[in-house]
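Novice: I'd like to ask some things about the structure below.
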C-alpha cells in the first residue's frame, strides 16, 4: 500500500516538473530572441550602415541582427527554403559588406527545442493517465464494498493472555475450554463432543468482554478476526450480507481461528413483523449470520465470540443452541475482583510504599475493570503533572474523585453566602447518613466544585452489596432529602442545589412502589408494562396496565415515602443542630473532610442496624453482644427497633 502511494506521488511530481520545464523553455527561449524584424527593415538598416553583424545558427531559420553601438538584437525569421546570401543579393546588397557569422547548433538547444513541442503533449498524456488510474481506483473501491472490514490479529502481534484479565474467574474457566478445543480438537472429537459454534459475552460496558476474547485468542495462539456489528451495514443494499459471507470465508481459510463480533446487538436485534413493507437491510445481515453459523462443517475449527450489553433485544434464533451455545455473564467485580484488577493495572508502575491496593479496592465499589484502569491512569497522569517519580496515595485517591465526580474547579469564584449554603447542604447529607443505622457510612464530604456539581458527599458500603432492603432505601431517601432540609432550617429557604437530590429521591420512591413491591398500601405488585414494538426494538415505551385510581394511589405512596424521608431528615438535623454547624464550619475552613474527621465530632459510636433472622445470616460485626442478646428469645421475626433520635411520624 505504501509503495503504491509513493509511486502515485512520484508520478504527480514528475508531471509537475515536466510542466515547469516546458514553461521555462518557452519563456526563456522566447526572451532570448528579442524583437522581430522583417527582411525589408533588415535590408534598409544594412544599407544605412546600422547593422554590425548577422548571426546564424546551423539548422535554424532564425537570424540574429546585431546593431552598431547598441546591445539591441532583433530576430529575422527566413522564409522556407531561402538562403540569406541570395536574400541580400535580391535587395542589392553585397554579402561581403556584412559580417555574417554561422554558429553550430548546441546539443542542449536542440533538446530544449524538441522539449518545447514535446512537453505539452507529454503533460496532457500524463493527466489523462492519472485520471484513468483514479477512476480505476474508484471502481475498485465500489467493488470492495462487499468485502469484510474485519481486523486480523495474528500470532506475531503482542498477545493478551488470561494473566492480563482479572476479576472474572468464572468467565475465564468457561472460556478455558474454548482454548482447549482450539489447541487440542482431537481430544473432544474422540469423545464425540460437538464443536461449540459460538460464545456470547454478556455484561455492562467496561467489564472486559473485548479483552477476554483477545485473551482467548492469545492463549490459543490462533488468528483473531475483530469487527463491530455496526461495520456490516452500509448505505447499499446487500452489503451487510456480502460482508458476512466474506468474513466467514476468511475465517474458514485461516482455521482454526476466532471471529469476534463486538456490539452484536447492532445487527442481531429481534426481527420485526415487516410492517410498512420496507426492506430492512439489518435483517438480511442477521439472516446471513444465522445461515453462516449454522453452515459450519463439523471439522471447521472456527469459533464465534460475540459481545453485547443488551442481550434482551437479541433475536431468539441467534441465541439457540447450535449458534451461541454458551452465554458467559461478566458483571462488575466484587472486592476481591477489584483488588486483582488493580494489581494487573499497577503492574510495571512505580508505586509508593504506603499505597494499599486493598483499601483502594474497598473504596471503589461499583467500578468496572475499565473504570479501575482509568483510575490508575489518571493517578499516573497526576503524578507526572506534579513531577513525581512514583504514584502515591494522594494521586490514587484524588483519581477516584476525578473518575466519580470529574476534575476540580477551584478557579470558580462563588460568594460567601453560596459557599456557606453549599457547606450546610453537604453537612446535612453527611449528618443524616452518619445517624441512620441503615445508611452507608460517610467516606468524604467536599464543597469543592467538580464537574457539574457544586459539592458532593460520598458514602461507601462496608461490604459489597447485591441486594437492597426497604430500610436501606428509606435511609437513602432521607439522605437525599437532608441537603434540602438543612438549607430550609438554616436559611429559611431552599436553592436549586437540591434539584438532583429531589429527582433521585422521586425516582427511587416510585421504583419502590411500582417495581420492588415495597408499598404496604398497594402490596407486592409490579405496575407498568414495557411495550415491545416489533419494528423499533424492545423497551421503547411503557404502557399503563392499571387504572386511574391505582395511578392516584401510586402517586400518594410516592408522596408518603418522600414526606417520611423529609420528616426523618428534619428530626435528625433538629436533634443534632450543633453537629450540623460544626461540620459546616469545618467544610468552610478546610473545603474537604474525610469520614474520620466527621466521626471525631461524635462521642457515641455510629448506630448499627439491628438485623432480624438466624445468626448465620448476620455479618459478624453486626451480631448482638452477649449483654444485649437473649438466648431464649424466639427466632421468629420481631419488629425492628425505632431509629435513634427520631420521633415516630404519622403516615400522611
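Even glycines carry a Cβ here, placed using N, Cα and C.
Small disclaimer: the values here were computed from a predicted structure and weren't measured.
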Novice: Figure out which of 331, 334, 354, 501 sits with 425, 429 in the Zn(2+) site per Swiss-Prot.
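Specialist: My reading of Swiss-Prot gives 501 as the candidate in that site.
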Novice: Quick one: which of 90-110, 111-131, 132-152 does Swiss-Prot have down as transmembrane segment?
Specialist: 111-131
Novice: Among 426, 501, the recorded positions in question, whose Cβ has the most other Cβ atoms within 10 Å in this structure?
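Specialist: Its Cβ has the most other Cβ atoms within 10 Å: 426.
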Novice: For the topological domain 'Cytoplasmic' (132-652), what's the model's average pLDDT?
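Specialist: When the pLDDT values over the topological domain 'Cytoplasmic' (132-652) are averaged, the result is 79.
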Novice: Quick check for the class: what is the C-alpha distance, in angstrom and rounded, between residue 204 (ATP binding site) and residue 501 (Zn(2+) binding site)?
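Specialist: Cα-Cα, rounded: 25 Å.
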Novice: Determine the Cβ neighbour count for residue 425 (Zn(2+) binding site): the number of other Cβ atoms within 10 Å of its Cβ.
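Specialist: If we count other Cβ atoms within 10 Å of residue 425 (Zn(2+) binding site), we arrive at 28.
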Novice: What residue among the binding-site residues 203, 204, 205, 206 has the most other CB atoms lying within 10 A of its CB?
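Specialist: Result for the most crowded candidate: 203.
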Novice: Which residues does residue 208 (ATP binding site) neighbour through Cβ under 8 Å, counting only same-chain ones at least six apart?
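Specialist: Set apart from residue 208 (ATP binding site) by at least 6 residues yet with Cβ under 8 Å, we have 165, 167, 168, 330, 368, 369, 370.
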Novice: Taking the mean position of the Cβ atoms of 425, 429, 501 as the Zn(2+) site, which residues outside that list, in the same chain, have a Cβ no more than 8 Å away, listed in sequence order?
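Specialist: So the additional residues around the site are 426, 428, 457, 480, 482, 483, 484, 486, 497, 498.
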